[in-house]
Structure formats: structure tokens, C-alpha cells
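Quick look at what Swiss-Prot annotates:
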- 1-180: domain 'KARI N-terminal Rossmann' (DOMAIN)
- 24, 25, 26, 27, 47, 51, 81, 82, 83, 84, 132: NADP(+) binding site (BINDING)
- 106: active site (ACT_SITE)
- 181-326: domain 'KARI C-terminal knotted' (DOMAIN)
- 189, 193: Mg(2+) 1 binding site (BINDING)
- 189, 225, 229: Mg(2+) 2 binding site (BINDING)
- 250: substrate binding site (BINDING)
């Protein structure tokens, strides 16, 4: 595994260049501010609206996406996956110049062919492995979060060096930047989200909650046992792996882990995981998601509404009112 650190990157490669950060959401605001604090000239390309005003208030020169691309030598695409291809076609493609670098923090649109940059530009990825607020906070504390780096197209012969300079400007070389490919990052990221982090976990939590409530137990108790305490366990795994978690829980819980876990996640579950991975690798999920967006998201919106009305959500909202240490956001935001 090739990993790059501070000594392997030179942020001075960005001196005399302008970086255009396209999008000013969670990652956009963090990466733009970190780069600026590292002495890099940054402009923000967004359409008029809330993000435009926030970027202006943060002191950036804000302009249209097309103008930002014309101004910059390095263009970082930090829009949501489903918006990138349209914005690229409408505002970026015709403004690209020979020798520019087009950067991404997720490989979806390049890997699945939704964006096909011309051969005369560099195409690379710098993907911090943390949400934007953490990218910014850790940087301000003098540290950094790990990241992935990949080069899809090296027109200039310096794509990796410039990508590492960008990663250093964001603060990621302080922690370590791991070399990967667009294919590996995209396919593993989608699989992790679907099979484990989002799809797998939410299905497991709901199934546990439903099993207890259908067995006659009160929803409030089921919520605590199947959702609320999940954070306690995940934090232990996050800090020191499965061994640390098992060392920290009771012996009763640890024994139950060993003898019961494989009854829940069975060989059949793993076979289904492999099917999910194959669908991702073959582009079936990407095609489904692209078509879903083109159709106005009817399935997505219907499923989202149904999930929001699940009994788990109702009792959870009531119980969280008892928890003074939880500061629920006034509006849900994408991280």
C-alpha cells in the first residue's frame, strides 16, 4: 500500500495557480477554507442561492461555475454525484483548457462514464475520508484526516504531484494519503454504503426493533437496545477495532456476540453481499440511480417517505427529547 505524507508533497506546486472549488456544501466549504489557510488562491463556483451567499460571507470570490473554470488551473468538483454530469456538460466541458486539472472527491461519474474529460486535461481524485466539518476542524487543530488519491488521466505528466499538493493544502498528508484507483474507490465506497454502513445497518436496526415490539416489548425499550446503544458500540470499534469493542463490553455480551452473530449474518447474507458487489461492479446500481434521477426520483421519494414513517422514527424522536446532550439540527443537512 503506497501512502504519502507531508514530506512527499509540495503545496508550492499550487503557487501561482488558482483552484476553483465547484460546490460549497460540506466538503466544499472545508476544502476551500483549508486551501486558503495553506496559502492557495481559491475561488468558488456555485449558482446563486444559499451556498453562494455562504461562500461570499466566508470571504471567497464567488462566481458562476463556467467563470470559475475559466479562471482556474485546478478545478475540484464537489457537487452531489447526481448533479455533476449535468453541470459538467452545461458549464465546465467547453471551458476546459489544455493542462488544467479536473479533481474529484468521489469517482462515481468518471468510473461510470457520466463525465468524459478531454485527453488534454489531468483527471485525479483527492478524497478525504471524513465529513467536511471534521476535515475543517481537525485542520484547524493542526492535524489532518486521511485521504485517498488516484490519477485517472495524466496529460501533463505531473498529475500525481499536483493532486498530492492539493491533498497537502487540505491537510490530509498530515495523516496520510493512500494511493488507489477510481474503480477501487468508487466500487468499495458504494458497497460499504449499501451493504454495511447505510443499507445493512438500517435494515438490521429495524429488524431488531420490529422483532422486539412484535414480541410484546415496549417500543421505547426496543429503541434503546437496537438503535440508541449502537453508537456506544460503534465508537469502541472506531477507536480500536473489534478487539477493543469486545474488551470493553461485558463478558455476557461478548459471548453472545460470538455464538449469535453468525446466525444473523449468515452465509446466505454474505452471498447476497457478493451479488450486491457484482451489481455495483457491472454498473447496474449506477444505471438504476441515474435513471431514477432522470425520472424525478419516484421510487427514492416513496421509499424515503415510508422509512420516515416507521415506528422506530416516531419513538426515537420522543426519546431524544429526554437527552439534553443531543443537539438535533433544526434542518437535516447532507454531510
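Cβ coordinates are placed from backbone N, Cα and C, and glycine is handled just like the others.
Helix, strand and coil residue tallies for the domain 'KARI C-terminal knotted' (181-326), in that order: 122 helix, 0 strand, 24 coil [DSSP]. Our reading of the NADP(+) binding annotation (24, 25, 26, 27, 47, 51, 81, 82, 83, 84, 132) yields a largest Cα to Cα distance of 20 angstrom.
A straight line from the CA of residue 83 (NADP(+) binding site) to the CA of residue 189 (Mg(2+) 1 binding site) spans 18 Å. Of all the binding-site residues given, namely 189, 193, 225, 229, 250, none has its Cα within 10 Å of the Cα of residue 81 (NADP(+) binding site). Cβ neighbours within 10 Å of residue 47 (NADP(+) binding site), excluding its own Cβ and spanning all shown chains: 11.
Here residue 24 (NADP(+) binding site) is positioned 38 angstrom away from residue 225 (Mg(2+) 2 binding site), judged by their C-alpha atoms. Taking the C-alpha positions, the distance from residue 106 (active site) to residue 24 (NADP(+) binding site) comes to 15 Å.
Between the residue listed as 'substrate binding site' and residue 193 (Mg(2+) 1 binding site), the C-alpha separation comes to 29 Å. A coil conformation is recorded for residue 47 (NADP(+) binding site) in the three-state DSSP classification, outside any helix or strand.
Other C-beta atoms found within 10 angstroms of the C-beta of residue 193 (Mg(2+) 1 binding site) number 13, with every protein chain shown included. In the set 24, 47, 132, 229, none of the binding-site residues has a C-alpha within 10 Å of the C-alpha of residue 193 (Mg(2+) 1 binding site).
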